[in-house]
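Copied from TrEMBL, the annotated features are:
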type: ACT_SITE; residues: His118; note: active site, proton acceptor
type: BINDING; residues: Gln100, Asn101, Val102, Asp103, Gly218, Ser219, Ser220, Asn244, Gln245, Gly246, Leu262; note: NAD(+) binding site
type: BINDING; residues: Cys126, Cys129, Cys177, Cys180; note: Zn(2+) binding site
type: DOMAIN; residues: 1-276; note: domain 'Deacetylase sirtuin-type'
Amino acid sequence: MTDSLDALTSLLAGGRVVVLSGAGLSTESGIPDYRGPSGVARRHTPMTFQAFTGDALARRRYWARSHLGWRLIARATPNDGHRAVARLQHAGLVDAVITQNVDGLHGAAGSAPVVELHGRLDEVTCLDCGNLTSREEVDRRLREANPDFVAQVDAVNPDGDVDLPDEQVAGFRPVDCGICQTGMLKPDVVFFGETVPPQRVARCFDLVERARALVVLGSSLTVMSGRRFVIRAAKNGIPVAIVNQGPTRGDGYATVCVDAPLGVVLPVLAERVAAGASV
Ligand SMILES: [Zn+2]
């Protein structure tokens, strides 16, 4: 691992790096990964866009669970990994962060610019009129509509969803859009079965193509939504480094792979790079 850490350090020290981050970066903030080591115990599959829009019961179930899950996500704070990325960005070595995470923790750590590939959980969109509302406001309305709704949860999934028995879902009342009154509300995140807005994808491809190196942090690259950037970089001869616990579907494209916890590796890296930069 020492060799690969050295290789990763020199890659970062050269600057003009684009970071692609995934759920593995937020596990140390208490948000479990779907597919990583902590994702094994997951009991239900994520909500699809088709089920959400086509099935009122599925939608009620989603909002009941998400109403509870949001509290846990809203309480999460950036970890050493997020802070190290922000530090590398402030040092001028990382040009941009593309994240698959919807928890807003890169921004909370001080990173900018950040492209949130799959959207943000703290914003809610109306599928009819397109109005964007803060999650805080929707949360307030959901509390008003469900004054007696109480349920205990202690674990949340990366999309802000929690496991909740059906009998607790039954009495939950979702709310409609506060502007057009009838529109269906959906957290402004890309669900499974939904596509990422094309201009957002184009911006990410542009960032990757201008980069000197692409560094993947905490993603198993299972879905094409993130993997396509790794494939594009490799195709253009841009070196790819991957730091993740466990193998990923992008390992074949990478010049460097580091299998280790991000909260441990990233602060060490940031320290080494900063030390090198100040010499
Ligand atoms: Zn509306």
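Just so you know, glycine gets a Cβ as well, placed from its N, Cα and C.
Structure with TrEMBL features highlighted.
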| residue | record | Cβ contacts under 8 Å, 6 or more apart |
| --- | --- | --- |
| Gln100 | NAD(+) binding site | Leu20, Ser21, Gly22, Ala23, Leu117, His118, Ser219, Ser225, Gly226 |
| Cys126 | Zn(2+) binding site | Leu132, Thr133, Cys177, Ile179, Cys180, Gly183, Met184, Leu185 |
| Cys129 | Zn(2+) binding site | Cys177, Ile179, Cys180, Gly183 |
| Leu262 | NAD(+) binding site | Gly24, Leu25, Glu28, Gly81, Leu217, Gly218, Val243, Asn244, Gln245 |
Which are the residues of the chain, Cys126, Cys129, Cys177, Cys180 excluded, whose CB is within 8 A of where the CB atoms of the Zn(2+) site average out, their centroid? Leu127, Asp128, Gly130, Asn131, Asp176, Gly178, Ile179, Gln181, Thr182, Gly183, Leu185
Under a threshold of 6 Å between Cβ and any atom of ligand 1, which of the recorded positions Gln100, His118, Cys126, Cys177, Cys180 are retained? Cys126, Cys177, Cys180
Could you find out if DSSP has Cys126 (Zn(2+) binding site) as helix, strand or coil? strand
Neighbouring C-beta atoms (10 Å sphere around the C-beta of the residue listed as 'active site, proton acceptor'): 22
Fewest other CB within 10 angstroms, which one of the binding-site residues Val102, Cys177, Cys180? Cys180
